[in-house]
Amino acid sequence: MLKKGLSVLKYLFVLLIVLLSLGPFLWVLMASFKTNAEILNNSLGWPHSFRFSNYVMAFKIAPISRFYINSVIVGIFGTVLNLFLLGMAAYVLARFQFRFKKLLVGAFSLSLLIPGAAMLQPLYLTVNALGLYDKLIGLIIVYAGFGLPVSLYILSSYFLTIPKEMEESAYLDGASFIKTFFKIILPISKPGFGTAGVMQFLLCWNEFQFAIILTTGNQSRTLPLALYYFKSQFASDYGVMFAATMVVIIPSIVVYILLQKQVVSGLAAGAVKG
Amino acid sequence: MVRKNRGYITLFLLPAVVLFIIVYAVSLVILFGTSFTEWSAGRKPVFIGLANYIQLFTDDSDFRQSAINTFVWVLLQSTIHVAIGTLFAIILSMKEFYWKFARTVYMFPNIISGAAVGMLFLVMLNPDFGAVNSIVRLLGNADYAQNWFMDYATAFFSVTMTWLPYAAVVTILILAEIAAIPESLYESARIDGASNLKINLYIVIPMLRNIIGTCVILSGTSMLQKMDIILMTTGGGPGNETMNLPIYIYKTALMDNNFGYSNSVGVFLIGFGLIFVLLCRNLFRIGSSQN
């Protein structure tokens, strides 16, 4: 009896979780094909027909394509810069002993404990002073830095799993430090970089709080901000608002489904234990 | 080898150190330094000692409400949120027919941006056409239909519900840890006659102490950043009902241009986070060996 009750509870719980996760998403998808009148009068039903005009309008009313391009640029370069700089640093930290190493590791780990919100005004000041306010390059540098603790952790854990003999034999063959790193270490570390890269890309793609204080106007804003600023523009045209929301969400879902394995292992690896 | 490589070591570390200095070190110095000043946009900071902090704690009801809300949300997130994620991980680990589908779908709200989640809930809870009110009316209880985000009675609860159930990160971390428990442990427990429930209660959960502690820290500290969903749905209102410390920092710094004061809130936020992390590490004895 108890066993049966527990298993009913279990299925109810799973059903609830699935409904909560999928429900809002499916409802907005359905509504994105409706007219205003349909949305107001038939909020829960199917649309009369699957019209794509709301999507066309979303791109017309709002410069969504501009935001898209910005998000792609910031996502790609923010990830490449982060992986390149932290890949080098993580390699040295994982492999060599040197003076100030403890101090450096301590400082880097401290960055994990600083909530981004606390740095809003100081970062605004720094980026302004560097002449990077409202420029994509400003966002790229800030995101590369903001992803420092997680990338450093994932990459150095990965480097630690590579046997030292790999490099020793490279040195014996006369390869230089630089050549060993780029020709031997980087190629075998692809999975580590894949994991860190996906985490970093999602960070760049979804980031909101720095984007909102480091940009102004439409020139260098990214997709998450698009929704925030268009909220009022769409106030009277619900169908278009739903379409715009879907346009922002769909790429994240597609990327996630394609890279599911990397994302899941990345999250598991990104848990900073202790 | 070390001597020969010293130049390379510096060369490889330098860019990351520069990045760290630009993003973190300079910010921290500015944050602490100016939190003791009266400073607004276009003016020079003037040293005023502890005045900002004194005002925060004695004469600022918006700050008090933001701090209380942040505290409550950290508490909810590190208990209920983690519990939901852990329970779901244990259910998924039984690998019944739906487990891969359920795990994938559960990730959706966690993988899309907070602004998009905020938008989803904003329209779901819209008083005119939102699905929630439509369902409420369909069930015949029109009295319960309301403006969820703008009503004092429901705003805090509604905002909380936009993140409390979505603990997929916790679920993934705990699933990974459960997968690492050796099969032989389950087998010997079964031979001794333990039921599934007992195995989970007495074997699996105690072995997860470390990772649950990590999840409590990750989930709790994520609440010290939360800004996008709140700006998207309520903007901190009605009144200051759903204000938290990040929104308060944003408002004092960029809308009131009150930099010094805003940075003293930032210092408070960091201190709050540090205390929380230290408490959790002691509570879950993270880092100490498992037995």
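Numbers run from 1 along the shown chain.
From the backbone N, Cα and C atoms, a Cβ is placed for every residue, glycine too.
Automated prediction, rather than curation, is the source of TrEMBL annotations.
Taken straight from TrEMBL:
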DOMAIN    B:67-280  domain 'ABC transmembrane type-1'
TRANSMEM  B:12-33  transmembrane segment
TRANSMEM  B:71-92  transmembrane segment
TRANSMEM  B:104-125  transmembrane segment
TRANSMEM  B:163-181  transmembrane segment
TRANSMEM  B:201-224  transmembrane segment
TRANSMEM  B:265-284  transmembrane segment
Short question: which residues 6 or more past the ends of the transmembrane segment (B:201-224) have a Cβ under 8 Å from it? 70, 73-74, 77-78, 81-82, 85-86, 90, 93, 167, 169-170, 173-174, 177-178, 181, 185-186, 189, 194, 244-246, 269, 272-273, 276-277, 280-281, 283-286, 290
By a Cβ-Cβ criterion of under 8 Å, what residues six or more beyond either terminus of the transmembrane segment (B:163-181) are in contact with it? 76-77, 80-82, 84-86, 88-90, 92-93, 103, 106-107, 109-110, 117, 203-204, 207-208, 211-212, 214-215, 218-219, 226, 229
Close approaches to the transmembrane segment (B:71-92) from elsewhere in its chain (Cβ under 8 angstroms; 6 or more beyond its ends): 99, 102-103, 106, 160, 163-165, 167-172, 174-175, 178, 200, 204-205, 208, 212, 215-217, 219-224, 226, 244, 272, 276, 280
Distal contacts, the transmembrane segment (B:265-284) - CB-CB under 8 A, six or more residues away: 31-32, 35, 53, 56, 63, 67, 70-71, 74, 78, 209-210, 212-213, 216-217, 220-221, 224, 245-246, 248-249, 252
